[in-house]
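K.L.:
Let me begin by handing over the structure; questions about it come next.
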Amino acid sequence: MEESMDDVIAPYVGPQNAMSGCGQTVSLANLLDLILQRTYNQVIVLSEILPRKSDIDRKVDIIEFASRSRNVFIRLLALVKWANSASKVEKCGAIMQFLNQQSNFFVDSADNLARMARESLVNARLPSFALPIAIDVLTTGTYKRMPTCIRDQIIPADPISAEEKQKTLKQLSYIIEQRLVTENLPSYMRQITFDEGTVTFTVNNEFRITLTLLGNSPTIPWKVVKLEMLVEDPNIGACRSLVHPLQVNYLKEVVQSRLIDCQNPFHDLYDTLHSFCQSLQLEVLFSQAQRLTHDRWINYVHIEQYLIGQKLTLVYWCARIKNSQTQTNLQYKLIVHVNENLKAKPLVISHLPELVGSESIMVPTMLNSCNLSIDDMLTHVINVRSIAKLNELSRELCLLLKDPCELTKLPVILRVPIVKDCIGGNHLFIGVEVKTIVKNYKTALIIPQSLDLAKFLLILASKADRTEYFLKIDTITNVDDFSVKHLKNRLSSRKDRKRRAINPEVSMYFDTEFADILSVVQDKLMFTLLSDELRKCDVQHSGPTIDETGINYSLNINKFSSLPNIDKESLAAFHNGFTKCKIFIFQKSLAKWSVELSFDKNFLSDVCIGGSGDTASLHFVYNLNDPVEKTVERLLKEISSLVLLYGPARKLNYAFRQSTILQRSISIDNYNFKKLQIAYGPTRSYIVCFQCKSDGTLQIKFGCKGSSGGPNPHVLAAIHFQKIVNDTVDLVEIVQLLLDTCKMYTLLGKVNSFLHLTAANVKPSILFSSIVQTVNRVHLIYKSIFVLELIAAPKEQGIYVKDATLHHRLSPSFHNIPFLSNFLRRISDDSCQPAQSNDGLFEMMTDDYGMQPMGFNEPEKPSNDGITNLLSYQALNKLLTAGPPAGNNVSIIDCSPLERFLACLDQRIKFKKVLMDKAQLGFLTPLQSQDNMSLLFQNESLTYKVYLEDNHMQFLRFEILSSALDMEENSILTKFYDTKIASPPYNTNAITSFMSLLCAPVQILKDFIQLIKFEFYPESQFPFRIKLLLTFPVADAPLNSPPGVSTFIFWKDRLKCMFMLEFIPEPEDVRNNIQFVLAFVYEVQTRKLNLLPIDLRNKPQNTIRPEIQTIYDQVRGHLERINMMPPTSGNSGLLISYIKDIILNINLTTAF
């Protein structure tokens, strides 16, 4: 029995095809697989059956199997050949189905009209004619009988008056007070204030929270209005908040959740915020402790343990443990922790070892939250422990001394009288080193023969613990008899006898004359050491000499034979300028060396306009207690920096007086040998300062003065100017560089340097960033895609502009800038010209003497594809200044022509990439374009063109070349492109959605064009204005995806598309002003519109507003009812009708 093809595929056929109407369908690949499997199975069966049959039967079975299989494969071959023209058959089937649907529409219409005539219209009656209304309209021209329901829907209700508002708020305050009477409040939240319908609870130094009620029902939960954290760090200052606003908002949400359905809401509120504040206070103390252990208390205090929100343990006096020769486990600890035994669980302070006696009263046990300072706590507890140590020592010394010891608490010092009737100069001062707990002894004694000091010190040392107390002789100085006699004779001849007068209160053991002799000897020793060190450094001086008073020593320097990093010519010029360099001790009580350096005159005093150019002397001060080597080194470095500035300043003085151009361009504000300040710029509002540093170098600083209108533009290149100053100091060349590059850097300040918004999973990039290569060469980078190189020509001739990627080896992520020269010519045809050659460009950049200016680099020779363009500063200003676009382009944001041009090139790259992706999937087909400025592509029935506008080259145009769309649809789609794609801010991610929209069939595209029309031309009866979103919004997105990602997706194989609509209420509907976003999936085959569920993954709890959830439920229920209805014939306009029904059926009243 011969079997047909239908018998083979009958068990595997698919459902009814709704598009073609051609009956049952099956995949060709599956069909071929089934036939092969069935044939193979029959061969296996024959191989098992035939051996048991006769020869004639076997031959008959084999012939039947061969004939049957041959017929099946012949039919399969015919089917494969027929499949090449299957699309025509499908089109015919679609036409037949469409005609059948239209016929069914006519039949249904006739049936409905007949049923209406028999059933509905039998009892239908015309209403009475509105004669009164007609009379009013015809006679008076007005309509006074408008129903009030219409007026209530259109005209909003009158706002309540100020008196009613105050009355309502007062009544709300009464409700809040009544509600608080019934609530169980914590004892720590009794500081309450009422204000305009709100209640504020304040917990000092922790938090302040404001609550209100949304009704008078006792079951309505409290609403959190405002939350403030009062925890402060006194070390930070300026009342800066320690909690980020996002954290505060999260805390508000947590507290709000605790106030709902809770028996004791205020107790939960207090426990939550109090626990957070305690953790924050511990975190503040921990951060302060970290700074102390890395700064002032390094190696003396360390953090032993820190448990977040529970405990902080500090160990101090660590140096004592390290330096101790005896093994001890004693550690001094300060512990701040939570007391779990108390109900409020406050932060308390504990000490190890514990303080006993009167000292324990001096240390608080509770943490003072008014002043969170771990430094103050450590200082206070160490002072208390120091007092305890010194009190113990005082009790031991009282057994040895006749006079009592005196203990001062600020500072903590024990004054020990070692002789009878002891004055302050003969006291032994004993103190405790705060960081190391080592006791220090310091005294200056004139020892009488009646006191055995050695015995006293031995007793003191034997009584003390050797790990804590020690004695050390600092210095012993022997004075020979000749020096003493010489100084004594000189002292006797002084006119000032007051210093030798004996004060009656001075002890009998004090010798005033000996003290004077000792002071002079100390001065002589210090100057002797200083002169020896200067001689080692090859500095010629006069040696220590006594001044005209016969009391004070001084030292005059005659010549600096050599200075580090100073050439002989500059040093000789400096020697010719200075007249005196004198070193003396300035007020020995202040322990300061003073160096006076005098010059012949200030050669710039007559041209300085700052009022301080007449300075001809300098003074330097050094610490007398520092080593002499360090003092001499610092002095030589100071002199070296003066020499570095002195010589170039003299050259600048000569050039300034000789050049009238320089006099018109700059002004010298101030020169005092240590600093030179020059003003430059169009209005002399920019200043450059050359200042001597203590390390022997010069530092250049940039600033502004007066009404400059902005920062100094050369701050951008400050590092490169500093390098020039470090290499060779030529102030004339540096000033010329500043003048030549001032306009360039000023204009670069106009570029847009804000962050460019991209998708959330992509790192944001700066729109324009300027990177200085040299002082006259800058790379201007656009969104890390394009790099422009700007080179300032000398003598303000203009700016050389070129594509940096064609002249330098840059990162592969940067792209070439096509059409750059053409664009620059359109900006200014008169000011833009290509540089003829590299040599000619170099000749333009040389000065009058044939030397290349310092800091200017010769531009590299461009490649065959790159042209170096010379642009005037007027054209550069036009290029970088933000303004409205040329022509009638749609744009509400002003940007510069350069930004618009580069944005078009960036979009063009994005269009190419998306087009290649769509072409690989078979959605779009790229076409060959006649020029390099345009892109051509098509789908099944439409051809599109994207091209760069040739007039200004600042707009990327979109054009539909085929005639499948009418003129209005073409205009709407073009306007949508101009508004969403080709206008700033330029969002390249929206291009992906727009190209996906163009992949849709014509009927679907027309439906979406009608949706877009509602955005630009909303209908008056709609309570909402809808917008078709091309990228995910920042907030209220129904799906869990980063903002900025493409939203429109079209699946060609499944004939489905996903899109998002934003519903914006009309401005008149101020009562129900709510804005929301919904995501839909439209199935073309089944003609069903589904609402995607709201994705709650990776979202905090309770982030969906209740009104949004209500609206979502309404739309979902409405679409479910529509999808359950039998499908109607045709696809055109069906999506529009769905969206209209959704807009008209959303009830905002139930959403609030």
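Positions of Cβ are set from backbone N, Cα and C atoms, glycine also.
TrEMBL annotations: computationally assigned, not manually curated.
Pulled these features from TrEMBL for this protein:
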DOMAIN    25-213  domain 'Mediator complex subunit MED14 N-terminal'
DOMAIN    294-369  domain 'Mediator of RNA polymerase II transcription subunit 14 RM2'
DOMAIN    377-436  domain 'Mediator of RNA polymerase II transcription subunit 14 RM3'
DOMAIN    539-624  domain 'Mediator of RNA polymerase II transcription subunit 14 RM5'
DOMAIN    662-727  domain 'Mediator of RNA polymerase II transcription subunit 14 RM6'
DOMAIN    923-982  domain 'Mediator of RNA polymerase II transcription subunit 14 RM8'
DOMAIN    998-1148  domain 'Mediator of RNA polymerase II transcription subunit 14 C-terminal'
K.L.:
Taking 25-213, 662-727, 998-1148 as candidates, which has the most Cβ pairs under 8 Å with the domain 'Mediator of RNA polymerase II transcription subunit 14 RM2' (294-369)?
P.N.:
25-213
K.L.:
Using Cβ distances below 8 Å and needing 3 or more such pairs, separated by at least 6 in sequence, tell me whether the domain 'Mediator of RNA polymerase II transcription subunit 14 C-terminal' (998-1148) contacts the domain 'Mediator of RNA polymerase II transcription subunit 14 RM3' (377-436).
P.N.:
no
K.L.:
When secondary structure is assigned with DSSP, how many helix, strand and coil residues does the domain 'Mediator of RNA polymerase II transcription subunit 14 RM3' (377-436) contain?
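P.N.:
Counting residues per DSSP class in the domain 'Mediator of RNA polymerase II transcription subunit 14 RM3' (377-436), I get 24 helix, 16 strand, 20 coil.
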K.L.:
Give, as a single whole number between 0 and 100, the mean pLDDT over the domain 'Mediator of RNA polymerase II transcription subunit 14 RM3' (377-436).
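P.N.:
Mean pLDDT across the domain 'Mediator of RNA polymerase II transcription subunit 14 RM3' (377-436) comes out at 76.
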K.L.:
Determine how many residues of the domain 'Mediator of RNA polymerase II transcription subunit 14 RM5' (539-624) DSSP places in helix, in strand and in coil.
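P.N.:
Reading the DSSP string over the domain 'Mediator of RNA polymerase II transcription subunit 14 RM5' (539-624) gives 13 helix, 37 strand, 36 coil.
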K.L.:
Report the DSSP secondary-structure composition of the domain 'Mediator of RNA polymerase II transcription subunit 14 RM8' (923-982) as helix, strand and coil residue counts.
P.N.:
14 helix, 19 strand, 27 coil
K.L.:
Taking helix as H, G and I and strand as E and B in DSSP, count the residues of the domain 'Mediator of RNA polymerase II transcription subunit 14 RM6' (662-727) in helix, strand and coil.
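P.N.:
Going through the domain 'Mediator of RNA polymerase II transcription subunit 14 RM6' (662-727) residue by residue, I get 19 helix, 25 strand, 22 coil.
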